[in-house]
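Participant: This structure is in C-alpha cells; I'll ask about it shortly.
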Amino acid sequence: MDLLRGYTEGDDDNDGPEEMSRGGGGEGESLESAAATEGEGEAEGSSSPDSSPPRLPAKSSAPRVDDTTLALAAAESARAIHRPLDPAQHAVAFNPTYDQLWAPIHGPAHPFAKDGVAQGMRNHKLGFVEDAAIQPFLFDEQYNTFHKYGYATDPSGLSYVGDLETLTKNQALSVYNMPQQEQKRRRLQMKAPDAEEADPSAAGPEVENPSSDEWLLKNRKSPWSGKNEVVQGELTEEQKKYAEEHAEKKAEKERGEGRAGNKAEHSDKSTFHGKEERDYQGRSWIEPPKDAKPKNDHCYIPKRWVHTWSGHTKGVAAIRFFPKHGHLLLSAGMDSKVKIWDVFNSGKCMRTYMGHSKAVRDISFSIDGTKFLSAGYDKNIKYWDTETGKVISTFSTGKVPYVVKLNPDEDKQNILLAGMSDKKIVQWDMNSGTITQEYDQHLGAVNTITFVDNNRRFVTSSDDKSLRVWEFGIPVVIKYISEPHMHSMPSISLHPNSNWLAAQSLDNQILIYSTKERFQLNKKKRFAGHIAAGYACQVNFSPDGRFVISGDGEGKCWFWDWKSCKVFRTLKCHEGVCIGCEWHPLEQSKVATCGWDGMIKYW
C-alpha cells in the first residue's frame with residue numbers, strides 16, 4: 001500500500017508546474033522512476049503475497065475517429081436501403097429488395113428515355129404494363145359498377161377510382177351488393193304496373209298513349225300467354241294447300257343448305273399489300289415500267305441466287321410471268337391462295353387473291369395481263385381482274401380442272417379451254433357463261449393444252465399416255481400420237497420459233513415433237529439426266545430458244561443446250577421438288593423457280 005501511495009504522490013508531482021517547465025527530460029525521468037518503482041514493487045510483491053502489482057493505463061496508436069461522420073454515414077446507408085434505386089447508377093453497393101428493384105422511377109424524366117421510361121423496362125408502346133390476375137367475376141363486378149355508378153375499386157384493392165361523391169353516397173357498394181332498401185324499392189317498382197291495372201285512374205293520362213312507357217308497362221304480356229286461347233279448328237282446303245307448299249319449300253331449302261355445307265362455299269376476296277394502287281400520275285400498279293425493254297437477244301445461264309419470295313404457307317404449284325414485260329410474277333399455292341409479286345422494284349407481294357377453298361392447280365394470264373384464270377381442286381375456275389382483285393366470273397362442271405388456257409388470239413380472249421379430270425376438254429364463252437364445245441376423245445385426265453399453228457390448232461396430253469391434236473372449235477382429233485413405249489406427259493412447252501414442242505415425259509426425259517403437219521417425234525433431240533418421274537415438273541425454253549430448262553424431283557433446275565442436247569448447268573434450287581421454272585421474258589439471264597417447299601426463287 002505504501003508503494004501505491006508513493007506512486008500516486010509521484011504522479012501528482014509530475015502534474016505540477018515545475019515538472020511541466022522541465023519539458024521532455026522530466027517525462028523521461030518520471031518513466032525511469034516508474035520503472036524502478038515497478039521493479040521494487042515486483043521484488044516486494046514476490047515477498048508479500050497480499051500486495052497486487054500496479055498497472056499502467058492502456059494506450060492506442062490508432063488515429064482518433066470522428067464519431068459524428070461515422071454516424072451520418074451509417075444513417076445515410078440505412079436510408080439508401082429503403083430509397084428507390086437511381087437508374088443512372090452503374091453499381092449498387094448493397095443488396096436491394098424486390099420492391100426497390102421494381103419501384104416506379106421518381107422525378108420529371110428518366111435520364112435514358114424521352115418519355116420517362118427506360119427502354120429495358122418497356123413491354124408496351126406506352127411504357128411498362130404489369131399483368132394482373134383478376135377473377136372474371138370480380139372484373140365483371142367492378143366493370144359494371146363503374147358503368148352504372150361511375151366508381152370502381154383499383155386492381156390493387158387498396159383504393160377507388162372514379163366518382164368519389166357517389167362512392168360515399170352508396171357506401172362503396174357494387175352492383176352485386178345491393179342494399180336491402182334498393183331491393184325493396186325495385187320490388188315495389190315491379191308491383192306498380194299491377195296496381196295501375198287495378199286502378200287505371202291513378203296511372204294518369206299517359207296510360208292511354210301507346211307511345212308511352214306507361215302504356216307498354218300496362219299492356220305487356222308474358223311471351224307464353226295466350227297460347228291456349230285459340231282452339232284449333234279444321235283447316236280449309238286453301239289452308240291445307242298452303243301448308244303443303246310451305247312444307248315442300250322448307251324441305252327443299254334444308255336440302256340446299258346441306259349441299260352448300262358440303263361444298264364449303266368460299267367467299268371471294270383480295271388483299272392489296274403495296275403502298276398505293278395508283279401513283280402520282282394515276283397509273284395503275286400493274287402497268288409495266290416504260291424503260292422495260294430487252295437489252296439484247298442473247299440469253300445466258302443464271303449463276304447465282306438473287307431473291308426469294310416466301311409468302312405461301314404450303315407448296316407452290318405454278319408460276320407465270322406477266323406477259324411481254326415480266327415486271328410481275330403470279331404464283332399458285334397449295335394453300336388455296338394466288339399471289340402476285342413485284343419483280344423489278346420492291347420484290348414484295350403486291351396482292352393476294354383468296355377465292356378457292358382448296359389448293360390451286362393452274363394459273364394463266366390473258367394476253368395483256370390485266371386478267372388471269374385460276375383452277376383449283378375445289379372444282380372451280382375463277383376469272384380474276386388482276387388490278388382490283390375481283391372475281392369477274394366463276395365456271396365449274398363439277399369436276400377438277402387440271403389445266404386452263406385462254407385462246408391467245410386478241411379477238412378470242414373470251415374463249416376459255418379447260419382440261420378436266422373426267423377426260424374432257426371443255427370450252428366456255430366467258431361473255432355468256434355457257435359451254436360452247438366439249439372435246440372428249442381422251443381416255444384419262446387431261447394435263448396440258450398447247451396452241452400451235454397460229455392458234456388454229458391445239459395439242460393436248462393426258463394420263464392415257466397419248467398426244468392428240470385438235471382443230472380449234474371442232475371436237476374431232478386430227479392427229480393421234482400413242483406408242484407402247486410412251487409415258488404420260490404432264491407438261492408441254494412451245495419453242496419460241498413455234499416449230500417444236502418440248503414434252504416432259506415421266507420416264508425422266510424430255511421429248512421433242514414437230515408442230516408441222518405430221519407432228520412426229522424428233523429422235524435426234526432428247527434431253528435427259530434429271531429425275532422427274534412421278535412429278536409434273538414444268539419444262540420451258542429461254543426467250544432466244546438456245547436453252548431448255550426443267551425442274552426435277554430432287555429440287556434441282558436443269559439447263560440443256562438446244563443444239564447439242566448436253567447438260568449445260570444444274571442449280572440446287574429447293575428442298576424437295578422443284579415443280580415450276582420460268583425464264584424472264586426481258587431479262588436474258590434471269591430465271592424464276594418454285595417448289596413444294598413454298599419458296600419462289602429468282603436466279
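Any Cβ shown, glycine's included, is placed from N, Cα and C.
TrEMBL: automatically predicted annotations, no manual curation.
Feature annotation from TrEMBL assigns compositional bias 'Acidic residues' to 9-18. According to TrEMBL, the feature compositional bias 'Low complexity' maps to 31-50. According to TrEMBL, the feature compositional bias 'Basic and acidic residues' maps to 237-281. Look at TrEMBL and you will find 1-65, 177-293 tagged as region 'Disordered'. The repeat 'WD' annotation in TrEMBL covers 309-343, 353-394, 439-471.
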Participant: From the DSSP assignment alone, can you count helix, strand and coil residues within the repeat 'WD' (353-394)?
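Facilitator: The composition, in the requested order, is 0 helix, 23 strand, 19 coil.
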Participant: Please list the DSSP helix, strand and coil residue counts for the repeat 'WD' (309-343).
Facilitator: 0 helix, 20 strand, 15 coil
Participant: Going by DSSP assignments with H, G and I as helix and E and B as strand, what are the residue counts for the repeat 'WD' (439-471)?
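Facilitator: Counting residues by DSSP class gives 0 helix, 19 strand, 14 coil.
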Participant: Averaged over the repeat 'WD' (439-471), what pLDDT does the prediction give?
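Facilitator: Residues in the repeat 'WD' (439-471) carry a mean pLDDT of 86 in this prediction.
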